[in-house]
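Trainee: Per TrEMBL, the feature transmembrane segment maps to A:12-40, A:89-106, A:121-144. Positions annotated as domain 'Tripartite ATP-independent periplasmic transporters DctQ component' by TrEMBL: A:27-152.
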Amino acid sequence: MESIFDKILSKIYKLMDILMILSILSLVIIVFSNIIFRYFGKSFTWIDETSRLIFVWMALLAAVNGYKINIHPSFTSFLNKLDKNKRKILLYIINFLILAFLIYLFKGGIDYVNSTKHNKIAILNISVAWKYLAVPVASFVMILETLRKFIYIYKDEFFLDEYEMTEINNN
Amino acid sequence: KREDSKDEITLKIAHYYAVDHPVNRYFEEVFKQKVESETNGSVKVQIYPNSQLGDEQEFVEGVQLGTVEMALTGNLWENTVPEFRIMQMPFMFVNYDHANAVLNGPIGQKIYEYLEPLNVKVLASFPNGFRVISNNRRPINSIDDIPGIKMRVFQGETIIKLMNILGFETIVLPISELFTSLQQGVVDGQDNPLATSFYNGYYEVQKYVAITNHMYSPGYIVINNNVWNKLTKEQQKIIENAAKETAFKIKEAVKNQEEQIIQKIEEQGIVVTYPDLLPFIEKVSPLIDEYINSHPHTESIIKEIKELANEYLK
Amino acid sequence: MSIIVAFLVSLLGFTFIGVPIAFGIGLTSLITMFLLEMDMPSILARRFVTGIDIYTLMAIPFFMLAGEIMNKAGIVKDLLKFTNAIIGRIRGGLAYVNVLASMFFAGISGSAVADTSAIGSLIIPMMEENGYDKKFSTAITSSSAIIGVIIPPSIPMIIVGSIAQISVARLFLGGMIPGILIGLGLMLYCYYISKKRNYPIGEKITFKQFLNVLKTTIWALILPGIILVGIIGGFFTATEAGVIAVVYAIVISFVFYGVKLKDYPNILREACLNTGIVMLVCASAMALTWFLGVAQVPQNLSNFLLSISDNKLLFLFFINVILFLVGMVVDLTPALFLLVPILLPVSLNYGIDPIHFSIIMVANLSVGLITPPVGTVLYVATSISKLKLEQLIKEMLPMYIILFILLLIITYLPIVVLWLPSLI
Ligand code: NA
Ligand code: NA
């Protein structure tokens, strides 16, 4: 059964997936054309700021997408040695800790955006908030995902290695 | 508990100078000593050099929020407060004493008021130096020697326009890539205060230095307004005086070391030239006009600075 | 002092119970913040951006992407054929092929885990088929995979370069010779073990067959050359080298390997996700280092070490041992983020070249990728071969010893690291 909550989340992920892929694509194009143009003696002053702005969003969107499929590396030997009930309790605790952290991060992000939004990025002449906003947005979606993980744990549908370790590539 | 902590306050000062950089030493030896002893330890000073608490953009924001109480910043304020661009105008100050008189006097106060809405107060200003140009192409004896030289610029509107109008090709590069880029010829030249270039080793990979003094590089000693207002009148006075004294000592040191540095790099085999600056000044004057046009209320301030210059021209 | 204890206890505690490393680091910074009696969650958020908002770090998605494209194209198969053609004919041929292929793939990819999964998934079954011990095959795959982060390009070196403001180009060059040495050291061990266990001799191939293999593989082999020449010659920065690698990979994977446009969404997604994993650690580690900085942990540690001894060699040995131990429980990327800001200034006080010290750190901590209990490369390798971690340890022990000896060489013969960077 798919709840409304699931439906909304999957819409959000679909959007984030597209944005993320477009971001890395545009980074390749921007940085590569900068090399070409420089070869012909031209250089654009907005490249550095624009590419970094895109990169911040790309990285955080990717981190959120990765959080959904549990690919952020963790040490699972201890967790997997526990019997089913104890494991379940520990999973609740872990996700509660993550939730607490994310709530702090979200609140901090909102505060920060609010109190620095009149600061400008030098060349682009737009507010720094466009960059910092990525943090509250990312932590908000991860908060929703963590809530959903509680449901998974409750229903015994939470798998740590739902995706093979071979897919994980963190160095 | 809050009551207890009221009579003891710690000022964290964030900055980007290295631990053994003269600016850091003066703050440890003059500012910290003076403030802590004169307030009988009721105000503690803790200095965080070397961007330990983040880069300039971060503590420029941090001092607005009060996450750091104080900071030593450069020209980054100009992105948010366009009035701060006055100090970055080409050839605005004729020498260090002129800059000091403006920035630590009544004219400076007028400009600093524009920072108040950001919740930040400027206590004093000191120089990093006047920026001079170095390159590997050819000695710059006059403005005609410039075309064809690829110049590294930092990410700042004024500097990019300035270099372009002087005839350089410009490439924006982060400072971390500068040394290797000079060495490998990604860029031909760079501009920084003499001391910065010397101590960062840029002159090891450069052949020519032209004393252009085209732009003044200010450092600002700033404090968060809420923190400031929590201090007693007496503490405020002690801190402000200590800041002014530290800034003055740094200015004297910067001024005095320039001759020694020029001598040292000439011994290394670098050709130092002194081009006639009048054509430079004429060439960049549209930049100042353009600035005044878009910020008309600054015209009187700029006029005052120029009038004060006469007192400092020998 | 209480901050250091709290920092260690909570970081290890969170890791042990199974909190993902990135969140464990974030939670640790939260705890440090409370201990400092600060209430500034906004700093957390700002430092998250700081950890990502660095131009040099953009090289990470680029090299991830280049590696992903080359891998999807099936270049690893060609690399194995090629190395087999060179060295397969001697006793224990496939063991050498394993190491040599890792060295070549290291010139394309910047990640040890990518190296393990790309090469391991092909060669471990292949070695098993040919009568090699599965435990040995898995062990040599893991050990040689760490060359992936020593020979340029290298994602850990990009990270060190951006936190320490050192030229990534010079770091890349600094890793070249140490990476080759590690490869040779491991091959020497292969020689010994193949003799002892009488591992099989591979097929001989004719010169004509060799040329045929070379014809397809040459295009993949050129890429590391382009990257190196571009960086040494000053044509582009490390970040730009990354994007050049991507464009080159797109072209040859299209022309010679028939990778189609419709394969790209998945390739791009994989590269993004892998970048996201690294960047989340970067982000939360940056938050932690801010609070550790406020607590003056780096200065205190530096003063403490200097008060024990100002002998450079003793300090370096201490570093070797400490990093080896740290590497056992903390993964390479977070360890770099936490330790570079603390240890690099200390090493400057001892008069050690920052490029040399950075390479020591990366090499030392990369061994941590193959030491239990936390060793990502080991996890990946064992999941390929369906072995348990414990079963591997006996096979790994001699390799640890070899790697440690090589680490000492890298540490005490600075010229090994510094000669190539001195050329630019
Ligand atoms: Na590599
Ligand atoms: Na291998």
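The backbone N, Cα and C atoms fix where each Cβ goes, and this holds for glycine too.
Map these features onto the structure and tell me what's around them.
Mentor: Proximity of distant same-chain residues to the transmembrane segment (A:12-40), defined by a Cβ-Cβ separation under 8 Å and at least 6 residues beyond the stretch ends, is recorded for 47, 50-51, 54-55, 57-58, 61-62, 64-65, 68, 141, 144.
The average pLDDT computed for the domain 'Tripartite ATP-independent periplasmic transporters DctQ component' (A:27-152) is 92.
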Trainee: Take the transmembrane segment (A:89-106) and find every residue of the same chain, 6 or more past its ends, with a Cβ under 8 Å from one of its Cβ atoms.
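Mentor: For the transmembrane segment (A:89-106), the nonlocal Cβ contacts are 79, 82, 135-136, 139-140, 142-143, 146-147, 149-150, 153, 158.
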Trainee: Would you mind listing the long-range same-chain contacts of the transmembrane segment (A:121-144), meaning Cβ under 8 Å and 6+ residues beyond its ends?
Mentor: 5, 9, 12, 16, 45-46, 49-50, 52-53, 56-57, 60-61, 63-64, 67, 98-99, 102-103, 105-106, 108-110, 112-113
